[in-house]
Amino acid sequence: MIAKKNIFYRNIKCVVIGVLLILFVIGGWMRLVILNEERSDKMTFYLLSTKDRIEQTLKNSHTACITLAMTINDNGEPQNFEQVAEELIKSNNDFDAVQLVPNGIIKYVYPLEGNEKALGLDILNKTEDPIVSYEANKTILQKNIYFSGPFELKQGGIGIIGRIPVFKNNTFWGFSAVVIKLSTFFDNAGLSKWQNEEFSIQFSKTNPFEKEKQFYVKENPSPYGYNYVETQLSNESWKLYIIDNKRGTFYFDLLLEFIMFLCLFLLCVIGIDYFFKKFIFLEQKIIIQEDKLLENEKLFKAVFDGAAIGLIRINKKSRKIELANGHFNKMLGYESDELLGKTTSQISFPEDRMQNEANLSLLAQNKITHFTVQKRYLHKEGYPVWCNLTVSEFTDNKKTEYYLGVVENISHQKEIELKNRINQIRFESLFNDSPIPMWEEDFSEIKAYLNSLNLSDKSENEITEYLNSNPKVIENCIKKIKIIEVNKACLKLHHADNKKHLIQNLKNLFPNEAHETFKKQIISILLNKKQFKEETITTTVNGELKHINFQWKVMTEFENNYERVIITTEDITERKQHEQLVINSQEKINNLINTIEGIVWEVEKEGFVPVFISDKVETILGYKKEKWLQDPHFWINTIYEEDREKVIKDYFALSKESDQFTQEYRMVSKSGNLIWIRNYISVVKNKDSDDTVRGIMVEITKFKEVKLNLNASLEILTNQNKRLLNFSHIVSHNLRSHSSNILAISHLIENTTCEIEKNDYFKMISDVALELNQTLSNLNQLTISEENPNSQKNVINLYDAVESGIAYQRVAIRLAKATIENNIPKDLFISFNEDYLNNVIYNLLSNALKFRNPNEKTEVNFKAFIKENHLFFEISDNGLGIDLEKNKGKLFQMNKIFHLNISTRGLGLFMTKNKIEAMGGTIDVESKVGIGTKFTIKMPIIN
Amino acid sequence: MNQKLKIFVVDNDQIYLTITQKLLSKISDAFSVSIFYDGIQAFEVLKNLIDSKSNDLPDIILLDLDMPIMDGWEFLENYKKMGINNYKSIPIYIVTSSIALEDVSKSDSYQEVLGYLVKPLNIETLKNILTN
């Protein structure tokens, strides 16, 4: 506040000083203007008065010239020139001589003395003096007086010549002129006698040709560089100047005045500053005093209003409230001032009004100095507010007496008191009428006894050990139990008539198992626990066994000495019986489930969280039940990797279509074997809980193996059947081919008589017979290969078999200059008929050599490896290759030939394929023309 | 006949070819008989003749079905693809030992095939074909 005011006054002070400064500047500037104007006026006065004098001199000269011109008669001859001139000179001292200049030549001069040199001068002649000639001509043109000069006169000295042109009969006659010496001119004009220290005078003429100014008052300076005023005279080339000599003195005087003003200004500033400082000081004092007063008032008000207790001032006579603080107003729900003017009885609860009046009367009669009561005030909304009221006399300085009431709200305490009372009643009622058997006991002696054993720093195990080795401690504790109360339900549980009856039979009520429970209870006390519960047994007074839920708890506020403990012994006999029934049936179900030859399982539909898995999981897959139940991803992770994606995809697709479906897939057992599973799945929709999915996973590995073998056998049989059909066609075709030839030849023989021709036909029949024989031989070979060779299967070392095959064809290999590589592992065995295997190796190697590329060095590579339970046997070459796009379907057919000019019967691959398939294998081919061929034989692995 | 009838006989059976040539020579001397041991040989010659727009195209083709490298069916497929009928229609007769019904019905699906003849051919059958 003070700081704000200080800033405000400082701003005001700055404004005042600023205004003063502006006034000072304006005053100074005006003073400068006035002084300048005064000086200028003075100079103008001198200038104009001097100009008047000069103009007067020139007028006199003009008059003289006219008078002189009048002397010229009509013939152009001057009459009485001398006399007139003398008169003029005598009567006028403004000029020094007069002249008549007919035709521009100075002919008449007065006084002649001293002016002789001027006679005969032709002033119009340019050669004499160009300036004089120019000015003379200008006079003629002007037809009026014109003052030439100042210039150097012929007769000596500097002078001015005033000429008027004279015309006779409108013809230029010449000039009438006066000669004024410059000194005479300056004397008459007052220039010579100029005596003024402040100002100088100057006279100038501008050269008509060079336009330069020449100054003629030699003793005075030129006006340049000074302050001056000027005026032009009747001769336009003449100028008169008044020059200010005292300009420096003027500024000096002005500076003095400025310093005086400045001093005055500074004095004013100091005065203003002092005034404001004093003013601010006083102002601050006032503000501080105001603040103190305000603070005191606030403090008082804050104490009164902000007191966390109700305060009221009561008029002693009228008993009306004169002042009530915020707390009191709030306590009774009134706004400020609403209570003022009301009596204390008016706001008291009706039942408490009399007591209020009585107490105030005692106070008024000075029988008491103060009183304190618990009473009820009436809240604005009509409900009672319990308060603790203390009223005492209050006297202020003016001796006016009041009562001061201090009111404390005690509604909360009153409420708690009430609640406590209600709780007590409720507790008693609950205890007695509770359907659960309850005991109220005093364990303080037990607690004290146990404390005396100094077991407080022992662990639970140590305490248990101690109690086991000191059974008397438990017995002592039982003796120290004080039963305070038991409820009706408790008597009913134990079939006791009353409390006494129950206590008398107390020892019989707790069999050995219950003693164990009591021991655990004692351990809890020793461990400073406040509660304990356990399911245990008890008996009735008649010895009937009862299952109870035993709960023991130290009552609040008795935690230190255990003086009150509540024991409940809920009868759970019926529940226990039911539980046993459930356990028994559960056991039966589990037994039943575990007898099923499949894994019974259940998961939550959302998230596949496992709920149940039967023991068979361990038998079928080798995994522990617990492992399965712990991991929601266990089932998915255990599915064989190749099947997993399909199983999940199918599961979601099938579960959308139906609530019951079946899936077949492979799982990886703990030992790493692949187990075929058929999973019968049911989605179960539960009304009260989340949907679940249940199922039985049945192992079908053997079934699958049988099925696969069956499929393989079926395929082989189908293929064999196809081959047989094909074979029969071929047999039929080939035989028919020969028979038709024989038939045709025999027709030819019949129809010819030529013996030579007949002989040819017989030879042809012989050829047909040979071919027929060859065909039958081929067919015989094929028939042998179709015999079932299973009984002749041997376990053969493949490496050795290939080595034998290579050795068998070594001549052909040498002729073909081929490189044969046997890269088959030496420990690899194949289940195959030995003759067949030799035949297969022979055919494939022979084909590789037969169909070799003549432009390449022939390379044949034998390779074998095991993959996915199968043996792969590869024979690759870099031969001619076969166009598989065209020929793949025909490749393994009989009598099919793919290369021209190479001798072949088209039987080798047909027989090779037959033999491999007869052994339960397959053969496939990859080939590119010009690159080579690779045959891959795939055989099931042998154990 | 002013101009010799051009006959292509396609078969890998040497004896059959000899017999056929004998039978043709008994019918007339005015035949120009070309022998092919394989479908591919016959097809390549035929293609060259068509490409060169030659007048020596055959007037009739006797085609066997069972041949190495390119059999009769493959020959027919390639022949069909060439679209030769737009240029000149050549009657083709299948002459085979096969009596399989599927071969007979398959041959019916080719417009180009005028007849399916089972070996042996006798002189009357040949005459009928050639006069037609």
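Cβ coordinates come from backbone N, Cα and C, glycine included.
A quick note: this is a predicted structure, and the numbers were derived from the prediction, not measured.
Annotated features, as they stand in TrEMBL:
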DOMAIN    A:102-193  domain 'CHASE'
DOMAIN    A:296-367  domain 'PAS'
DOMAIN    A:371-422  domain 'PAC'
DOMAIN    A:585-647  domain 'PAS'
DOMAIN    A:661-712  domain 'PAC'
DOMAIN    A:730-943  domain 'Histidine kinase'
TRANSMEM  A:12-34  transmembrane segment
TRANSMEM  A:254-276  transmembrane segment
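Broken down with DSSP, the domain 'PAS' (A:296-367) shows 33 helix, 13 strand, 26 coil. Distant neighbours of the transmembrane segment (A:254-276): 9-10, 12-13, 16-17, 20-21, 24, 27-28, 31-32, 35; these residues of the same chain sit at least 6 beyond its ends, with a Cβ under 8 Å from one of its Cβ atoms. The helix, strand and coil residue counts that DSSP assigns across the domain 'PAC' (A:371-422) are 12 helix, 29 strand, 11 coil. Residue counts of the domain 'CHASE' (A:102-193) by helix, strand and coil are 24 helix, 35 strand, 33 coil (DSSP-based). Secondary structure of the domain 'PAS' (A:585-647) per DSSP, as helix, strand and coil residue counts: 34 helix, 11 strand, 18 coil.
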